[in-house]
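A short worksheet on the structure shown next.
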(Lines of atoms letter the chains of each structure in order from A and count residues from 1; the text may use other names and numbers.)
(Lines give C-alpha, C1' and ligand atoms only; values in the text may rest on other atoms or scores of the structure.)
Protein backbone atom coordinates (compact mmCIF):
# COMPACT_ATOMS: atom_id res chain seq x y z
CA UNK A 1 0.00 0.00 0.00
CA UNK A 2 1.42 3.38 -1.05
CA UNK A 3 1.53 6.32 1.34
CA UNK A 4 0.00 9.72 0.55
CA UNK A 5 3.41 11.19 -0.28
CA UNK A 6 4.23 8.30 -2.60
CA UNK A 7 0.85 8.66 -4.32
CA UNK A 8 1.39 12.39 -4.87
CA UNK A 9 4.87 11.80 -6.30
CA UNK A 10 3.51 9.14 -8.67
CA UNK A 11 0.92 11.65 -9.95
CA UNK A 12 3.75 14.16 -10.45
CA UNK A 13 5.77 11.56 -12.40
CA UNK A 14 2.78 10.75 -14.62
CA UNK A 15 2.21 14.47 -15.28
CA UNK A 16 5.89 14.96 -16.12
CA UNK A 17 5.74 12.01 -18.50
CA UNK A 18 2.65 13.33 -20.31
CA UNK A 19 4.17 16.80 -20.70
CA UNK A 20 7.48 15.25 -21.77
CA UNK A 21 5.90 13.13 -24.51
CA UNK A 22 3.82 16.09 -25.74
CA UNK A 23 6.74 18.54 -25.73
CA UNK A 24 9.25 16.22 -27.37
CA UNK A 25 6.60 14.90 -29.77
CA UNK A 26 5.93 18.49 -30.86
CA UNK A 27 9.65 19.12 -31.46
CA UNK A 28 9.97 15.93 -33.51
CA UNK A 29 6.80 16.71 -35.51
CA UNK A 30 7.87 20.26 -36.38
CA UNK A 31 11.33 19.16 -37.52
CA UNK A 32 10.00 16.16 -39.49
CA UNK A 33 7.47 18.44 -41.21
CA UNK A 34 10.26 20.89 -42.02
CA UNK A 35 12.35 17.99 -43.32
CA UNK A 36 9.54 17.01 -45.72
CA UNK A 37 9.58 20.53 -47.15
CA UNK A 38 13.32 21.21 -47.07
CA UNK A 39 16.57 19.35 -46.51
CA UNK A 40 17.07 18.45 -42.85
CA UNK A 41 19.77 20.65 -41.31
CA UNK A 42 22.31 19.52 -38.75
CA UNK A 43 20.47 21.28 -35.93
CA UNK A 44 17.19 19.79 -37.16
CA UNK A 45 18.69 16.30 -37.12
CA UNK A 46 20.01 16.78 -33.57
CA UNK A 47 16.70 18.19 -32.25
CA UNK A 48 14.67 15.42 -33.91
CA UNK A 49 16.94 12.68 -32.57
CA UNK A 50 16.96 14.29 -29.12
CA UNK A 51 13.16 14.51 -29.01
CA UNK A 52 12.58 10.92 -30.19
CA UNK A 53 15.20 9.46 -27.83
CA UNK A 54 13.66 11.37 -24.91
CA UNK A 55 10.19 10.02 -25.66
CA UNK A 56 11.54 6.46 -25.44
CA UNK A 57 13.58 7.46 -22.37
CA UNK A 58 10.45 8.69 -20.59
CA UNK A 59 8.65 5.45 -21.38
CA UNK A 60 11.47 3.26 -20.09
CA UNK A 61 11.77 5.35 -16.89
CA UNK A 62 8.05 5.00 -16.21
CA UNK A 63 7.79 1.33 -17.22
CA UNK A 64 10.82 0.23 -15.22
CA UNK A 65 9.82 2.30 -12.19
CA UNK A 66 6.22 1.11 -12.08
CA UNK A 67 7.27 -2.53 -12.41
CA UNK A 68 9.64 -2.10 -9.47
CA UNK A 69 6.93 -0.36 -7.43
CA UNK A 70 3.88 -2.51 -8.15
CA UNK A 71 5.21 -5.85 -9.48
CA UNK A 72 8.84 -6.35 -8.38
CA UNK A 73 8.49 -10.14 -8.63
CA UNK A 74 8.05 -9.81 -12.41
CA UNK A 75 11.81 -9.30 -12.62
CA UNK A 76 12.30 -12.78 -11.20
CA UNK A 77 10.74 -14.45 -14.23
CA UNK A 78 11.76 -14.38 -17.87
CA UNK A 79 14.23 -12.04 -19.49
CA UNK A 80 12.48 -8.77 -18.62
CA UNK A 81 15.42 -7.31 -16.70
CA UNK A 82 17.71 -8.11 -19.64
CA UNK A 83 15.46 -6.43 -22.20
CA UNK A 84 14.96 -3.35 -20.01
CA UNK A 85 18.72 -3.09 -19.34
CA UNK A 86 19.62 -3.12 -23.04
CA UNK A 87 16.81 -0.73 -23.97
CA UNK A 88 17.82 1.62 -21.14
CA UNK A 89 21.42 1.73 -22.44
CA UNK A 90 20.24 2.64 -25.95
CA UNK A 91 17.74 5.32 -24.93
CA UNK A 92 19.80 6.87 -22.13
CA UNK A 93 23.04 7.05 -24.08
CA UNK A 94 21.29 8.29 -27.24
CA UNK A 95 19.52 11.04 -25.29
CA UNK A 96 22.76 12.15 -23.61
CA UNK A 97 24.62 11.95 -26.93
CA UNK A 98 22.12 14.19 -28.75
CA UNK A 99 22.13 16.66 -25.82
CA UNK A 100 25.93 16.74 -25.90
CA UNK A 101 25.94 17.20 -29.69
CA UNK A 102 23.48 20.09 -29.30
CA UNK A 103 25.71 21.74 -26.68
CA UNK A 104 28.84 21.33 -28.82
CA UNK A 105 27.05 22.56 -31.95
CA UNK A 106 25.87 25.76 -30.24
CA UNK A 107 29.28 26.18 -28.60
CA UNK A 108 31.19 26.01 -31.89
CA UNK A 109 28.62 28.14 -33.73
CA UNK A 110 28.10 30.92 -31.18
CA UNK A 111 31.13 31.08 -28.86
CA UNK A 112 34.03 33.37 -29.62
CA UNK A 113 37.48 32.33 -28.39
CA UNK A 114 40.91 32.94 -29.86
CA UNK A 115 42.21 29.57 -28.68
CA UNK A 116 43.86 27.53 -31.46
CA UNK A 117 42.06 24.27 -30.55
CA UNK A 118 38.69 26.04 -30.55
CA UNK A 119 39.33 27.65 -33.94
CA UNK A 120 40.50 24.30 -35.33
CA UNK A 121 37.33 22.57 -34.12
CA UNK A 122 35.14 25.43 -35.33
CA UNK A 123 36.50 25.06 -38.87
CA UNK A 124 35.74 21.31 -38.74
CA UNK A 125 32.32 21.42 -37.10
CA UNK A 126 30.84 18.98 -39.64
CA UNK A 127 33.41 16.33 -38.60
CA UNK A 128 32.75 16.61 -34.87
CA UNK A 129 29.28 15.00 -35.04
CA UNK A 130 30.45 11.76 -36.76
CA UNK A 131 33.32 11.55 -34.26
CA UNK A 132 30.88 11.79 -31.35
CA UNK A 133 28.69 9.17 -33.00
CA UNK A 134 31.68 6.84 -33.09
CA UNK A 135 32.16 7.35 -29.35
CA UNK A 136 28.46 6.60 -28.82
CA UNK A 137 28.61 3.30 -30.74
CA UNK A 138 31.74 2.20 -28.87
CA UNK A 139 30.17 3.10 -25.53
CA UNK A 140 26.95 1.20 -26.33
CA UNK A 141 28.85 -1.91 -27.47
CA UNK A 142 30.99 -1.90 -24.33
CA UNK A 143 27.90 -1.48 -22.16
CA UNK A 144 26.10 -4.32 -23.94
CA UNK A 145 29.08 -6.61 -23.33
CA UNK A 146 29.32 -5.57 -19.68
CA UNK A 147 25.56 -6.04 -19.05
CA UNK A 148 25.70 -9.46 -20.73
CA UNK A 149 28.58 -10.43 -18.40
CA UNK A 150 26.70 -9.31 -15.28
CA UNK A 151 23.51 -11.11 -16.28
CA UNK A 152 25.44 -14.23 -17.25
CA UNK A 153 27.15 -14.25 -13.84
CA UNK A 154 23.73 -14.08 -12.16
CA UNK A 155 22.47 -16.99 -14.28
CA UNK A 156 25.59 -19.03 -13.49
CA UNK A 157 24.87 -18.53 -9.78
CA UNK A 158 21.21 -19.53 -10.35
CA UNK A 159 20.22 -16.18 -8.88
CA UNK A 160 16.52 -15.79 -9.73
CA UNK A 161 16.07 -12.68 -7.63
CA UNK A 162 15.87 -9.44 -9.62
CA UNK A 163 17.93 -7.54 -7.03
CA UNK A 164 21.67 -7.65 -7.52
CA UNK A 165 23.21 -9.86 -4.87
CA UNK A 166 26.51 -8.16 -4.12
CA UNK A 167 28.17 -5.81 -1.70
CA UNK A 168 27.19 -2.15 -1.95
CA UNK A 169 30.73 -1.05 -2.86
CA UNK A 170 30.90 -3.65 -5.64
CA UNK A 171 27.47 -2.63 -6.88
CA UNK A 172 28.36 1.08 -7.12
CA UNK A 173 31.67 0.27 -8.86
CA UNK A 174 29.77 -1.76 -11.45
CA UNK A 175 27.32 1.11 -11.98
CA UNK A 176 30.17 3.60 -12.50
CA UNK A 177 31.82 1.31 -15.05
CA UNK A 178 28.47 0.81 -16.74
CA UNK A 179 27.93 4.56 -17.07
CA UNK A 180 31.44 5.68 -18.07
CA UNK A 181 30.23 6.65 -21.54
CA UNK A 182 27.33 8.64 -20.13
CA UNK A 183 29.62 10.36 -17.63
CA UNK A 184 31.98 11.29 -20.50
CA UNK A 185 29.18 12.86 -22.58
CA UNK A 186 27.70 14.54 -19.51
CA UNK A 187 31.06 16.11 -18.60
CA UNK A 188 31.66 17.21 -22.20
CA UNK A 189 28.21 18.79 -22.38
CA UNK A 190 28.69 20.68 -19.11
CA UNK A 191 32.14 21.97 -20.15
CA UNK A 192 30.93 23.28 -23.51
CA UNK A 193 27.81 24.83 -21.93
CA UNK A 194 29.86 26.62 -19.26
CA UNK A 195 32.38 27.86 -21.84
CA UNK A 196 29.54 29.15 -24.02
CA UNK A 197 28.04 30.97 -21.03
CA UNK A 198 31.45 32.55 -20.34
CA UNK A 199 31.76 33.63 -23.98
CA UNK A 200 28.25 35.13 -24.01
CA UNK A 201 28.82 36.85 -20.67
CA UNK A 202 32.07 38.43 -21.91
CA UNK A 203 30.41 39.59 -25.13
CA UNK A 204 27.46 40.94 -23.16
CA UNK A 205 29.81 43.00 -20.99
CA UNK A 206 31.49 44.42 -24.10
CA UNK A 207 28.15 45.29 -25.70
CA UNK A 208 26.95 47.05 -22.54
CA UNK A 209 30.07 49.20 -22.41
CA UNK A 210 29.75 50.07 -26.09
CA UNK A 211 26.15 51.21 -25.80
CA UNK A 212 26.68 53.03 -22.50
CA UNK A 213 24.77 50.51 -20.42
CA UNK A 214 21.71 50.30 -22.67
CA UNK A 215 20.70 46.84 -23.84
CA UNK A 216 20.09 46.42 -27.55
CA UNK A 217 18.45 43.43 -29.21
CA UNK A 218 21.74 41.50 -29.50
CA UNK A 219 22.50 41.95 -25.81
CA UNK A 220 19.02 40.76 -24.84
CA UNK A 221 19.42 37.75 -27.10
CA UNK A 222 22.70 36.87 -25.36
CA UNK A 223 21.12 37.20 -21.92
CA UNK A 224 18.26 34.96 -23.05
CA UNK A 225 20.74 32.39 -24.39
CA UNK A 226 22.63 32.41 -21.07
CA UNK A 227 19.40 31.84 -19.15
CA UNK A 228 18.54 28.90 -21.43
CA UNK A 229 22.00 27.37 -20.93
CA UNK A 230 21.90 27.81 -17.15
CA UNK A 231 18.45 26.17 -17.05
CA UNK A 232 19.78 23.31 -19.17
CA UNK A 233 22.74 22.75 -16.83
CA UNK A 234 20.46 22.70 -13.76
CA UNK A 235 18.06 20.22 -15.37
CA UNK A 236 20.94 18.07 -16.63
CA UNK A 237 22.43 17.86 -13.13
CA UNK A 238 19.00 17.02 -11.66
CA UNK A 239 18.69 14.19 -14.20
CA UNK A 240 21.92 12.59 -13.01
CA UNK A 241 20.98 13.13 -9.38
CA UNK A 242 17.72 11.30 -10.09
CA UNK A 243 19.58 8.41 -11.74
CA UNK A 244 21.94 8.21 -8.74
CA UNK A 245 18.93 8.06 -6.39
CA UNK A 246 17.33 5.29 -8.46
CA UNK A 247 20.61 3.33 -8.45
CA UNK A 248 20.82 3.75 -4.66
CA UNK A 249 17.33 2.26 -4.34
CA UNK A 250 18.68 -1.20 -5.24
CA UNK A 251 20.73 -1.19 -2.05
CA UNK A 252 17.59 -0.49 0.04
CA UNK A 253 14.75 -2.06 -2.05
CA UNK A 254 12.26 -1.78 0.82
CA UNK A 255 12.29 2.03 0.53
CA UNK A 256 9.91 2.66 -2.39
CA UNK A 257 9.73 6.38 -1.60
CA UNK A 258 13.40 6.65 -2.60
CA UNK A 259 12.67 5.08 -5.99
CA UNK A 260 9.61 7.27 -6.64
CA UNK A 261 11.52 10.41 -5.65
CA UNK A 262 14.35 9.37 -7.99
CA UNK A 263 11.86 8.88 -10.84
CA UNK A 264 10.34 12.30 -10.17
CA UNK A 265 13.75 13.98 -10.21
CA UNK A 266 14.91 12.09 -13.31
CA UNK A 267 11.77 12.90 -15.33
CA UNK A 268 12.14 16.67 -14.79
CA UNK A 269 14.94 16.89 -17.37
CA UNK A 270 13.37 15.26 -20.47
CA UNK A 271 10.15 17.27 -20.24
CA UNK A 272 11.58 20.51 -18.81
CA UNK A 273 14.33 20.89 -21.39
CA UNK A 274 11.91 20.23 -24.26
CA UNK A 275 9.90 23.33 -23.33
CA UNK A 276 13.11 25.33 -22.87
CA UNK A 277 14.11 24.34 -26.41
CA UNK A 278 10.68 25.36 -27.75
CA UNK A 279 10.97 28.77 -26.11
CA UNK A 280 14.58 29.28 -27.19
CA UNK A 281 14.24 28.16 -30.82
CA UNK A 282 12.49 30.70 -33.08
CA UNK A 283 11.07 28.07 -35.47
CA UNK A 284 9.68 25.93 -32.64
CA UNK A 285 8.36 28.98 -30.80
CA UNK A 286 6.50 30.27 -33.86
CA UNK A 287 5.04 26.82 -34.50
CA UNK A 288 3.87 26.54 -30.87
CA UNK A 289 2.24 30.00 -31.08
CA UNK A 290 0.39 28.94 -34.23
CA UNK A 291 -0.87 25.80 -32.48
CA UNK A 292 -2.00 27.82 -29.45
CA UNK A 293 -3.74 30.31 -31.75
CA UNK A 294 -5.58 27.50 -33.52
CA UNK A 295 -6.62 25.97 -30.20
CA UNK A 296 -7.87 29.37 -29.06
CA UNK A 297 -9.91 29.78 -32.26
CA UNK A 298 -11.41 26.30 -31.84
CA UNK A 299 -12.36 27.13 -28.26
CA UNK A 300 -13.99 30.39 -29.36
CA UNK A 301 -16.01 28.56 -32.05
CA UNK A 302 -17.22 26.04 -29.47
CA UNK A 303 -18.26 28.91 -27.16
CA UNK A 304 -20.19 30.64 -29.95
CA UNK A 305 -21.98 27.40 -30.92
CA UNK A 306 -22.93 26.63 -27.34
CA UNK A 307 -26.62 27.44 -26.56
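Residue 1 is the first one shown; counting continues down the chain.
Yeah, the Cβs are placed from backbone N, Cα and C, and that goes for glycine too.
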Could you tell me which of the ranges 128-148, 149-169 is annotated in TrEMBL as transmembrane segment?
128-148
Near the transmembrane segment (128-148), which same-chain residues lie under 8 Å Cβ to Cβ, leaving out any that are not at least 6 residues past its ends?
42, 46, 82, 85-86, 89-90, 93-94, 97, 100-101, 104-105, 108, 121, 177-178, 180-182, 184-185
